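Taken from TrEMBL as is:
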| type | residues | note |
| --- | --- | --- |
| REGION | 25-70 | region 'Disordered' |
| COMPBIAS | 50-70 | compositional bias 'Basic and acidic residues' |
| TRANSMEM | 88-114 | transmembrane segment |
| DOMAIN | 121-229 | domain 'LCCL' |
| TRANSMEM | 243-261 | transmembrane segment |
| TRANSMEM | 268-286 | transmembrane segment |
| TRANSMEM | 292-314 | transmembrane segment |
| TRANSMEM | 335-354 | transmembrane segment |
| TRANSMEM | 374-395 | transmembrane segment |
| TRANSMEM | 407-425 | transmembrane segment |
| DOMAIN | 488-570 | domain 'Fibronectin type-III' |
Amino acid sequence: MARSRQVGDVEQSPSAEIIMVDAPDMSDTNESPVTGTHARLHSRVSSTVQHERHSALGTPRDDATAGKNRGRFESTRHDIVAFFRRHWIVVVYAAVSSGLMILLIYLSFFAAVMTEGVETKPEFLSCRAWSYDTSCGLWGINCRPFETEWTPIRCRARCTLDQSSKLAVYGSGKYRADSRICKAAIHAGAIGHNGGCALLRYAGSANSFVGTTANGITSEGYNSWFPKTMEFQAASSRYCTDLTWPILAIGFVIMFGYSFVPDTNPSMLYALLVTWGFFYVRFVGQPPSVDYVGIATSSFGEIFVLLAASFWLYQVAAVHTFASWQSFTWRQRSVRWGLCYVTPFHVLINMNLFEYIPWLSVDLGGYEKSNANAGTYVIFAVVGIAVLFCAFQFLRQLYRQALWKQFVVGYSAVVAVVLCSWALLSSTDFHLHHTMLGAFLMPVTRFSTPLAAFAQSAALGCFIQGYAAWGWTSYLDTIPTYLTIQIPNELPVALNVTSTSANISWMAIDGVDGYSLRINQVEVYRGVDNITVVNGLQPNMTYFITVAGVAEWGTDGQEGPESNFTTPAT
């Protein structure tokens, strides 16, 4: 009967089929049917039923967690949808304008290809690139070969803006190799003023170079020998036109256009302006090199450092200037943002173009010589009056807001640190870079007036341009070694001149380890003596000679005065 009851009990369970087994005879054991097999079967049945129930329904804790996660997801999705519904114009405008600028930069600096024969990438050259100078060694050994096949090159726009005598072009048709390559290519008509691609080859030596004016560039004549010359040839290409000017114009219009985009806020506009200015200077305005892949790699890391520094400047200045932004009408926004902020900002991020205006190319300190002239002083006088007017307005407002003591203490501390560090490093020269000048002036423009916005954006443009072009530079400059070497003040003399040789001597220079003798800007002697014999000259040829001192570690100083001699005819 006990066995029959056990089976009957199990059959009432939903899981009876899983555990129905014949129970052993309990007569020989002390274990009772109730506390033995029946108890174990009951436990298994309960466990199985409970597991199935939990599997089907889940635990209350799991249900609560799942519900909470679903709630968070729905809330996040709702917030995202609501954001895009409210700000879709800003999002679309920013996305389209950013995509357009990325496309223009790619086409301008990454997509160029030569289509003459096999498609090849041209070598990108800067406007100041040349293929020969005094560092080429004795008789140009370090700048060989002197003759090559045609090589594809590419030049940027703006190469014709710099009319400095240091960027001279010598010759026509065949050009001296120490000419600036891109300006020579424009003179030859191989590329245009907006940049482009061409073919270049080195064509050996030449005994004279004719100066002409062509395509807006005047080349200089040179009636003597030079060991290496260049020739240019136009070639078919794609995407070789430099888009520097269109990128600047479109970028300005896009930034100005944010004045008319609804639902904008000052912090967003400020961050966009800083980001745009940085990438414009780094890729377009004043790139540090022509390795644009390397520029892109470094820029995407450095932009975050700049944004962090710019955010601090925003908190101390711009946040107060745009405090009433949300209450502005579109007309007020276009004036405050477009005219008073975007316009001066774009002028100052192109301040490297100032050096192409002779009376504006002046450094504030440093070891280089100043190019100041009458025009420089006029401009400085006008700017000085404007600065004094702005300073009066800003200082008066600082006084009214009872902030002048804080600013006096802060600026005094900065000046004290600069003076102490300069005193400790007395061998250096003070050089106020425009990066520092912009950051130094921004805090005092923290007012909600058009004048403050104008001055603040100009200071911000200085700050962005300086950092993007030069990085974090020190206000203390170490004087380069070549400027510390004494310059010869006596003319070198050629004696015993024959049709193929000359004996050249010069006055000894104090404080140098050796001398570098150049004939036609080609080094022909490097040693410790101040006299040498030069062989391998050509008959009936005029040669121009200069001497420079050589200091420790082989650094060349500046050249002394130039003299000349003429070899007799055979």
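Even glycines carry a Cβ here, placed using N, Cα and C.
Automated prediction, rather than curation, is the source of TrEMBL annotations.
Here the transmembrane segment (88-114) has Cβ contacts under 8 Å with residues 120-122, 124, 152, 154, 197, 235-244, 246-247, 250-251, 254, 257-258, 261-264, 268, 272, 276, 279, 283-284, 292 of the same chain, all six or more residues outside its ends. Touching of the transmembrane segment (335-354) and the transmembrane segment (243-261) is concluded from the presence of at least three CB pairs under 8 A, sequence neighbours closer than 6 excluded.
When Cβ-Cβ distances below 8 Å are used as the criterion, the transmembrane segment (243-261) is approached by residues 89-90, 93, 97, 100-101, 104-105, 107-108, 156-158, 194-195, 269, 272-273, 276, 280, 284-285, 330, 333-334, 337-338, 342-343, 345-346, 350 of the same chain, each at least six residues removed from its ends. According to DSSP, the domain 'Fibronectin type-III' (488-570) comprises 3 helix, 37 strand, 43 coil. Residue counts for the domain 'LCCL' (121-229) by DSSP state, with H, G and I taken as helix and E and B as strand, are 19 helix, 35 strand, 55 coil.
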